[in-house]
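So the structure is just underneath, and the comments pick up after that.
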Amino acid sequence: MISIVSEDGHHGFAPDVIINSVVLIPFLILVGIISTMILLHRKKSKSVLPFWLFLGYLYFVISLTIFPVLLFKQTSIINEFSFGLQIMFELNPLAWTKYSTLQIVGNILLLMPLPLFVGVLFKKSRSFKYSILLVLFSTVAIEIIQLVMNYFYLGNRIFDIGDVILNTTGGLLGFALLSAITPILRKTEI
């Protein structure tokens, strides 16, 4: 549901088509199969399972943050309004303190596995600098995609600086876990 506030008052619009994240599954399976063949060819069979788990994780993150995509027919009344009339931003860095516990924990956990997966799959990416930049780039990219989708009425999520803070906190915790298991990774040569 898209909710717009205009000079005429408050308007709600139900999309004509809702695209769910299941549309990604064939693409991710294809990427997984091709990557598995490459890993096996390079004799890196220990990386196959972590890579498939990583693909599953990416699907989960994209499903939660980007989908569903909302589409309206050209004849929809929403097209009579200009773009960007929804609430677009939450820039108060302390707004997250009013979130529910589930939202806070969920936002922290969302990107926590990212440095772990990338660190397991790519040895050169186990540094603090790389991990924090990866998590920060990922969370800002998610928020910008949500903002653009919101602006064009393709979604109804806002750019929330609190999400950036909580996701980055989760990424830092993920890096701490990666640092703790790095000696084990070196021994197993994944």
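Positions of Cβ are set from backbone N, Cα and C atoms, glycine also.
Keep in mind that what you see is a predicted model, and the values were worked out from it rather than measured.
Same-chain neighbours of the transmembrane segment (17-40): 47-48, 51-52, 55, 58-59, 62-63, 66-72, counting only residues six or more beyond its ends whose CB sits under 8 Å from a CB of the stretch. Look at TrEMBL and you will find 17-40 (among others) tagged as transmembrane segment.
Feature annotation from TrEMBL assigns transmembrane segment to 52-72 (among others). The list of residues near the transmembrane segment (52-72) in space but at least 6 beyond its ends in sequence, with Cβ under 8 angstroms from a Cβ of it, reads 2, 13, 15-21, 24-25, 28, 31-32, 36, 78-79, 110-111, 113-114, 117-118, 121, 142, 145-146, 149, 153-157.
If you look up TrEMBL, you'll see 54-179 marked as domain 'VanZ-like'. When pLDDT is averaged over the domain 'VanZ-like' (54-179), the result is 95.
The transmembrane segment annotation in TrEMBL covers 104-122 (among others). Under 8 Å from some Cβ of the transmembrane segment (104-122) lie the Cβ atoms of residues 47, 50-51, 53-54, 57, 61, 64-65, 96, 131, 134-135, 138-139, 162-163, 166-171, 173-175, 177-178, 181-182, 185, 190, all in the same chain and six or more residues away from its ends.
Annotation comment: TrEMBL describes 134-153 (among others) as transmembrane segment.
With a cut-off of 8 Å between Cβ atoms, the residues of this chain six or more beyond the transmembrane segment (165-185) that come close are 93, 96, 104, 107-116, 119-120, 123, 126, 128, 131-132, 134-136, 138-139, 142. Annotation source TrEMBL lists transmembrane segment at 165-185 (among others).
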### Summary
In DSSP terms, the domain 'VanZ-like' (54-179) comprises 85 helix, 7 strand, 34 coil
